[in-house]
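Before I ask anything, let me first share the structure, which is written out below as structure tokens.
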Amino acid sequence: MTDFLQLLISGLATGAIYGLAALGFTLLWQASGTINFAQGEFVMLPAFVMLGFMALGAPLWLGFVLAAGVSVLVLGWAFKRGVVDPLFKYGMMPIVVATIGLAITLSNGIRAGYSAEAHPFPNPFGDHVFNIAGVTITSGGVGTLLTALALVFATQAFMTRTVTGRAMQAVAQNAESATVLGINVPRMIFYAFAINALLACAAALLVTPTYLAKFDMGEGLGTKAFFAAIIGGFNNSRGALLGGLIVGVAENLAAAYVSPAYKDAVALMIFMVVILFKPQGLLGKKEERKV
Amino acid sequence: MQKRFTLQLLAACALSAACATAALAQQVVKIANIVELSGAGATAGTNFKNGVELAVKEINATGGILGRKIQSTTYDTQSNPGVAKGLTQKAVDEEVFAIFGPVFSGSIMVSMAESRRAEVPNFTGGEAASITQQGNPYVFRTSFGQSTSFPKLARYINGKAKTLAVVYVNNDFGKGGRDAIVKLMEGSPTKVVADISTNQGQIDFSATVLAVKQSNADAVFVYTNEEESARALREFRKQGWTKPIIGETTLTGQKVIELAGDAANGAVAHVGLTVDAPPTQAFGAKFQKEYNYVSDHNGIKGYTGVYVLKAAIEKAGKFDRVAVAQALKNVTFTAKQHPGVLMDVSFDDKGDIDRESFMVEVRNGKQVVVATLPPLGKK
């Protein structure tokens with residue numbers, strides 16, 4: 001039983017990270033109908049920016065704040081203006097392809113310009129180990145889980161409880177009507193990109209201690225987060241978290257009780273099962289086609 | 001008349017320039033450095049490359065080999081065996097005298113067919129036992145193969161544990177080590193009670209460590225690449241594992257210690273080469289001065305590899321690839337005669353290496369040599 005709990009708890013901590021990255025997918029989808037396949041690299045880049053600031057002598061918190069600013073500027077504003085806006089009128093496919101290209105550019109840019117090696121990254125919550133009834137929990141794991149949960153619910157609350165959040169949803173549902181209602185559509189879409197960049201930066205702070213800062217750390221993370229987003233429901237923020245947690249826990253259980261060799265296939269299998277029986281995802285709503 | 005003279009002069013100049021270039025070309029020994037500069041092997045490959053380049057620089061500064069300077073070119077295999085094979089072919093086409101790398105076993109297994117076909121001596125960092133078992137007369141190790149290092153390691157484990165859990169990475173390197181240790185444990189005082197495979201690039205080791213704990217083994221043998229070793233060590237510490245964690249070379253590598261932090265303390269490994277051992281300390285200082293970080297065992301492999309090539313060429317007395325490969329069979333180069341090889345080193349007829357080695361333990365983030373093991377040939 002303690003073994004099961006151990007697996008469950010470490011799975012939840014990993015899953016929360018997937019959920020956080022998945023939230024970026026759902027957020028961009030809801031606000032602008034964009035799928036960003038560079039989501040994993042959006043997490044990798046702030047990690048290196050933080051490392052850069054720390055190398056200059058900044059403490060972790062300051063590095064994070066500065067990296068958040070850089071993220072909003074580069075991964076929010078520049079990404080929207082440079083990639084999404086010019087391609088938007090050609091439909092979804094060119095954007096998807098462009099983000100795949102962007103992912104390759106970002107990871108290879110870091111590899112060529114900085115280093116291909118992995119770098120250690122400090123854990124903001126420390127490495128204290130607690131032993132509760134035979135189950136070991138680290139402060140890092142608990143901190144990651146709680147922060148990720150808080151961020152997901154804060155985003156959800158922002159989207160549903162604030163005027164700006166509702167305006168963003170209105171833009172997502174029908175941009176033309178939103179314009180008629182006096183909503184600044186481009187600004188709302190920019191907010192979605194900026195929030196996505198901030199979430200990615202937060203995810204970087206949480207995942208890098210475990211993943212280690214490495215140019216290709218985004219690859220696996222992006223894929224798992226994409227599966228998590230679809231499993232939970234692509235148009236639901238809480239769905240992203242649920243999907244992430246399901247993938248994280250299921251992976252761990254499968255690795256322990258079936259075989260570690262199949263661990264990476266678990267997310268794909270759940271994804272296929274969910275797509276077959278509930279194409280809109282577990283918490284997703286059916287989307288009506290716009291006529 | 002004047003015109004003809006000008007033409008003659010031009011022709012003479014062109015001819016002499018061509019001769020000069022040809023003469024220059026003959027005066028260098030071209031070597032190719034085909035290593036993992038990106039991908040899973042980046043740490044290993046970068047160290048190996050830097051070691052090779054340091055040796056080349058030193059040898060060139062002291063007059064080269066039999067009067068010829070070494071010219072080395074580096075290629076990145078991206079840790080991909082297919083790319084490594086292609087690059088080896090390219091190096092062969094460029095008529096290099098010798099090839100250094102790849103470091104990863106999976107890559108050399110594929111690429112050495114090319115160097116064999118062209119009869120080019122090929123020095124590898126790969127440790128899989130099968131590399132030298134293929135009867136390739138042109139492949140030579142720069143470090144122990146698993147067939148040399150694992151018997152040494154097995155003796156150590158036999159004295160430490162009655163039951164052993166084995167954790168390995170599911171690639172050529174990991175499987176080679178796993179097979180070697182499991183075979184050596186058969187009929188020995190130690191019984192293997194858990195046999196756990198992990199993936200290259202695996203992030204979460206909680207299930208792996210839990211399986212080790214469930215097996216109730218006296219010690220665990222961990223045989224994974226650098227980053228995964230660091231993650232595994234952290235997870236062992238997190239889950240409160242206090243029994244011995246034993247490995248081979250990589251487990252206590254400098255990069256692993258850097259990545260794992262405090263969690264690396266207490267890990268024990270057999271290392272063929274470490275800059276913390278007396279014979280290689282001077283090299284370690286030179287390397288650190290040149291590259292501003294501490295070399296791992298791969299740096300020493302690359303460095304001594306070039307000096308072994310130099311010793312072999314000097315023994316053969318001529319720049320003949322076949323003769324040099326022959327000169328590397330059943331031979332011992334002493335550190336006294338060839339200081340660059342750092343330790344007395346022997347090659348057998350298969351290209352396998354034998355020399356002293358060390359048991360190290362990580363204490364306070366540093367490798368500490370706790371025992372020196374004699375060459376296997378001496379028992």
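Please read every residue number as a count from 1 along the shown chain.
Glycine is no exception: its Cβ is also placed from the backbone N, Cα and C atoms.
Heads up, TrEMBL stuff is auto-annotated, nobody curated it.
Heads up, here are the entries from TrEMBL:
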TRANSMEM  A:7-29  transmembrane segment
TRANSMEM  A:49-78  transmembrane segment
TRANSMEM  A:90-110  transmembrane segment
TRANSMEM  A:130-154  transmembrane segment
TRANSMEM  A:189-211  transmembrane segment
TRANSMEM  A:265-283  transmembrane segment
At a C-beta cut-off of under 8 Å, are there same-chain residues at least 6 beyond the transmembrane segment (A:49-78) that contact it? List them, or none.
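Here the qualifying positions are 42, 119, 121-122, 124, 190, 193-194, 196-198, 200-202, 204-205, 208, 213.
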Checking distant contacts: for the transmembrane segment (A:7-29), what same-chain residues at least six beyond its ends satisfy Cβ-Cβ under 8 A?
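Those are 35-36, 39-40, 42-43, 135, 137, 140-142, 144-145, 148-149, 151-152, 155, 192-193, 195-196, 199-200, 202-203, 206-207, 210, 221-222, 224-226, 228-229, 232-237, 239-253, 256, in sequence order.
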Six or more residues out from either end of the transmembrane segment (A:90-110), which same-chain residues have a Cβ under 8 Å from its Cβ atoms?
33-38, 40-41, 44-45, 48, 79, 83-84, 215-216, 218-219, 222
Which residues of the same chain, at least 6 past either end of the transmembrane segment (A:130-154), have a Cβ under 8 Å from a Cβ in it?
2, 5-6, 9-10, 12-13, 16-17, 19-20, 23, 123-124, 199, 202-203, 206-207, 209-210, 237-238, 240-241
